[in-house]
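Quick paste of what TrEMBL says about this protein:
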type	residues	note
DOMAIN	2-83	domain 'GST N-terminal'
DOMAIN	91-218	domain 'GST C-terminal'
Amino acid sequence: MAPLKLHGVPFSTCTARVMACLEEKNVEYEICPVDLSTGAHKRPDFLAKNPFGQIPVLEDGDITLFESRAITSYIAHKYKDQGTDLLQHGNLHDFAKVMVGCEVESQQFNPTMGPIFFNIFIAPMRGWAPDQKVIDENVVKVGVVLDVYEKKLSSSKYLAGDSYTLADLNHLPYITYIMKTPHADLINSRPHVKAWWEAVSSRPASLKVSQGMTLGSK
């Protein structure tokens with residue numbers, strides 16, 4: 001069976017999310033680099049794969065997918081019988097909890113952590129000054145989300161129970177980067193969140209993927 005083709009770059013948060021899922025599921029894949037600096041993602045050949053011109057894109061035979069969370073769900077379903085059970089297929093109640101956790105990440109955590117990441121890591125790359133007001137406002141907002149996590153994690157090891165799932169994995173990219181900044185205290189100041197993050201980030205798949213997340217590295 002030919003390896004899956006993942007179009008993206010390892011330092012991208014969305015590409016890293018998919019890579020972590022592939023690693024957890026022990027799926028063979030190859031990275032097809034997309035040179036963002038030359039606008040390769042806006043060229044017709046790439047737009048034919050994703051009309052929105054964004055990475056990552058996954059090619060699996062005659063199936064082409066984009067949007068990182070859709071891709072990770074697809075991988076977790078297709079390869080449910082190998083690697084880590086990221087969706088808890090064997091129990092409907094547990095599966096439902098994973099789905100709730102994934103929605104909380106995408107609808108509550110991502111919109112508040114994203115602007116912090118953008119202003120600290122992406123804006124300087126583009127020659128823009130970080131907007132400190134936006135950073136400060138979203139530090140407060142994501143703190144509210146993490147307070148909810150802190151309460152949840154006081155009674156379970158992971159966000160959807162005592163097993164590692166997509167609800168946890170989807171947080172990996174942004175927190176990996178935020179831990180390189182003074183805002184690491186968002187995680188470290190909350191004991192249960194800190195313990196959860198240590199469990200997430202120390203997984204072999206997480207360690208492997210984080211090596212490529214080099215934005216902000218000297």
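Glycine is no exception: its Cβ is also placed from the backbone N, Cα and C atoms.
Where the annotation comes from TrEMBL, it is an automatic prediction and has not been curated.
Looking at the shown structure, can you explain where the listed features end up?
Across the domain 'GST N-terminal' (2-83), mean pLDDT in this model comes to 96.
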Would you list the DSSP helix, strand and coil counts for the residues of the domain 'GST N-terminal' (2-83)?
33 helix, 18 strand, 31 coil
